[in-house]
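Trainee: Starting off with a structure, shown below.
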Amino acid sequence: MSFPWAKHYEPKSGFMKYVDSRLPIPRLVYNSLGAGYPVPKNLNYFYNFGVLAGVALVIQIITGIVLAMHYAANAKIAFDSVEHIMRDVNGGWMMRYMHATGASFFFIAVYIHIFRGLYYGSYKPPREVLWLLGLVIFLLMMATAFMGYVLVWGQMSFWGATVITGLFSALPLVGETIQTWLLGGFAPDNATLNRFFSLHYLLPFVTLGVVILHVWALHIPGSNNPTGIDVKSEADTVPFHPYYTAKDFFGLGVYLTIFAAVVFFWPNALGEVDNYIPANPLSTPAHIVPEWYFWPFYAILRAFTVDFLFIPAKLWGVIAMFAAILLLFFLPWLDTSPVRSNNYRPMAKIAFWVFFADIILLAICGGKPAEEPWVRLSQLASVYYFAHFLIILPILSRIERPLPLPNSISEAVLKRQTNVGAPASQQLPGAGIAEMPATGRAQPAE
Amino acid sequence: MVKLIAAAIGAIFCAALLWGAVQPRDAVVPDLVKKYYQHAEPAGFSFDNPIVGKFDRAQLQRGFQVYKEVCSGCHSLNRVAFRTLTDIGFSAAEVKAIAKQYDIPSLDAAGEPTTRKGLPSDNFYGPYANDDAARAANNNALPPDLSLIGKSREGGANYVHALLIGYKETPPKDWTTPDGLYFNVHFHSLNIAMPPPLNPDQVTYVDGTKATVDQMAKDVAAFLMWTAEPKLEERRRTGVGAVIFLIILTGLAYLSYARVWQSVKAKKTQV
């Protein structure tokens, strides 16, 4: 689907005509990334991160395939083969540092992408399926990242695998059996490493498939935008090419510059030193932590310290950690306010920023050892995490009075420009419109 | 309905958490390890700067001498190949001579275990045949392989330097160091099995540098940073080129972005 004013593809050369009439790939590209795809013209830089996450996935797949040519998934030599890549393979150090740092950058891009969606209400109708597919991608990349970290077979790999698979043993009756089944033994060993390698190679391609569905689902209603209101006319949009190809290319340049700086100058800043010690089942590290991108969820896992309602604390932690992610799947039906963008929701906006601070606090707690004051802080922060999604947002969507919405994206853009104070000479024709009282009301959900 | 179920689930989670939060905590036992443990101070290395820092070849060679004459009595370095020593300034002939000093396990023509002289293509070998032999010789403590020590401890080379000079003759009164262990404020448990390894003038540097304990500790720490990250200089050099290229590319991308959007931005203010 597209807007009625979308340009139609017309093959220019005889060759393109020939291709287009037999396999319309040129048409597909034109309609999805080219001039045939109208996009709201007011997207800000936060809207770059979808493309950046896609690029991050491609970087991971390419570097990962090269690494797999030299890596040996065997518990006896896995760690040695990683060091072989670092020391003896030409450019191997670059591939490995790009892959390890790339995982962190993939998560940075995806987390910004998710928070952007939360702030501007991109999960609301008609984009629920788009949101759900995004969450599937998020789950897949968490699984992939975890298994990839184990492949190094350092101390933190081994003990991280022990702790995470140990979570399943908290399930009543079947827990131990499931853990043994997942590991292929009673503790992480060669069977575990081999299956993790197999799945670590498979899941990125599954992710890529879901990304295609995600982009497809995006192209049905088109992008949301910072005002959250629907596109009304051609004046609200610009063609994706050249406008957003140019903007995405610039954003990509900034992203790659920062990425390269970390890869080449601080390659180990985001990792744990313990993982440069080969795995040793007989020696437990003093402080087992997952990678930074799991810290908020790790904090929730550890926040449950007492048995409650006859359910053991450990099981509470496991249920809550999974629930913390799964509840996001229900978000479109929990936050039913018809106004999408938090720019026009004064109370939800406050709740959003409290939630943002809350996640940062949870992340800090998750990276610390389980001692006071971090345990109590993580308990309070977890309370807000659940309350925000399950209690506060549903209530807010009922009682909040949103600010008046602009009539159209064009009007909102004009208003912002006059407020910022463009040079007076340029303001003349637009000034009158900006001063008109805003008559827009909250938009009913479609 | 969805909202009611959600609110109920949310309330249960919050109640479980708050119940945990109001529980009294066990009295905190003062942790002596935390009290006396000290983080490594920056020792000031030539490669400290993450962008332009380089190894000091002369220092690496001195550090290699310290490793060879002191550390290698107990510690292996078995991820490092002799051939890579040319990277720290040894000539091919010198590398050949160094390798030759090592006996590498081998098989003779009859298939019987024997040893042969090391070649530049071999890795460092020994001092022990395996971990059990190492433990047997060291009061059941295992001297770790040093190839990656520069990256596997918080603080890196600064840690190695600090640990080597961090021994204290007498531990504080409320701390006991068992016989056979040594008190060291930079070791994670404060009691380390390694005796103070360095004494003044323990090695005689070829280049005439005075072999103080601090100097030897710093030199060997630098050498062990090189063994942990032999591609450090190549990495930073590549990085400078990559980042300069990307900054120029991003600048051009910005200009083209501004150019493309010029008409839209102008229209916005004029409509």
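Heads up, the Cβ atoms here are built off N, Cα and C, so glycines get one too.
It should be emphasised that the depicted structure is a prediction, and the values quoted were computed from it without experimental measurement.
Annotations per TrEMBL:
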type     : residues           : note
DOMAIN   : A:15-227           : domain 'Cytochrome b/b6 N-terminal region profile'
TRANSMEM : A:45-73            : transmembrane segment
TRANSMEM : A:94-114           : transmembrane segment
BINDING  : A:His99, A:His200  : heme b b562 binding site
BINDING  : A:His113, A:His214 : heme b b566 binding site
TRANSMEM : A:129-151          : transmembrane segment
TRANSMEM : A:158-178          : transmembrane segment
TRANSMEM : A:198-218          : transmembrane segment
BINDING  : A:His219           : ubiquinone binding site
DOMAIN   : A:230-407          : domain 'Cytochrome b/b6 C-terminal region profile'
TRANSMEM : A:249-266          : transmembrane segment
TRANSMEM : A:315-334          : transmembrane segment
TRANSMEM : A:346-365          : transmembrane segment
TRANSMEM : A:377-396          : transmembrane segment
REGION   : A:423-446          : region 'Disordered'
Trainee: Pairs of Cβ atoms less than 8 Å apart decide it: which stretch in A:94-114, A:158-178, A:198-218 has the most with the transmembrane segment (A:315-334)?
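Mentor: Highest pair count goes to A:158-178.
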Trainee: Which one is it: of the binding-site residues A:His113, A:His214, A:His219, whose Cα lies the shortest distance from the Cα of A:His99 (heme b b562 binding site)?
Mentor: A:His113
Trainee: Per-residue pLDDT averaged over the domain 'Cytochrome b/b6 C-terminal region profile' (A:230-407) comes to what?
Mentor: 92
Trainee: Given A:His219 (ubiquinone binding site) and A:His200 (heme b b562 binding site), what distance in Å do their CA atoms have, once rounded to a whole number?
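Mentor: That separation, Cα to Cα, works out to 29 Å.
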Trainee: Just the number: how many Å between the Cα atoms of A:His214 (heme b b566 binding site) and A:His200 (heme b b562 binding site)?
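Mentor: Taking the Cα atoms only, A:His214 (heme b b566 binding site) lies 21 Å from A:His200 (heme b b562 binding site).
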Trainee: Same chain, outside the transmembrane segment (A:377-396) by at least 6, Cβ under 8 Å from its Cβ: which residues?
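Mentor: For the transmembrane segment (A:377-396), the sequence-distant neighbours (Cβ-Cβ under 8 Å, at least 6 residues beyond its ends) are 296, 299-300, 302-303, 305, 320, 323-324, 327-328, 331, 334-337, 345, 347-348, 351, 354-355, 358-359, 361-362, 365-366.
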Trainee: Have a look at the binding-site residues (A:His99, A:His200, A:His214, A:His219) and report the one with the fewest Cβ neighbours inside 10 Å.
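Mentor: Lowest Cβ count within 10 Å among the binding-site residues (A:His99, A:His200, A:His214, A:His219) is A:His219.
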Trainee: Pop the Cα-Cα gap between A:His113 (heme b b566 binding site) and A:His200 (heme b b562 binding site) into the table, whole Å please.
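Mentor: A:His113 (heme b b566 binding site) has its Cα 23 Å from the Cα of A:His200 (heme b b562 binding site).
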Trainee: Applying a 10 Å Cβ distance cut-off over all chains shown, what neighbour count does A:His113 (heme b b566 binding site) have?
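Mentor: There are 23 of them.
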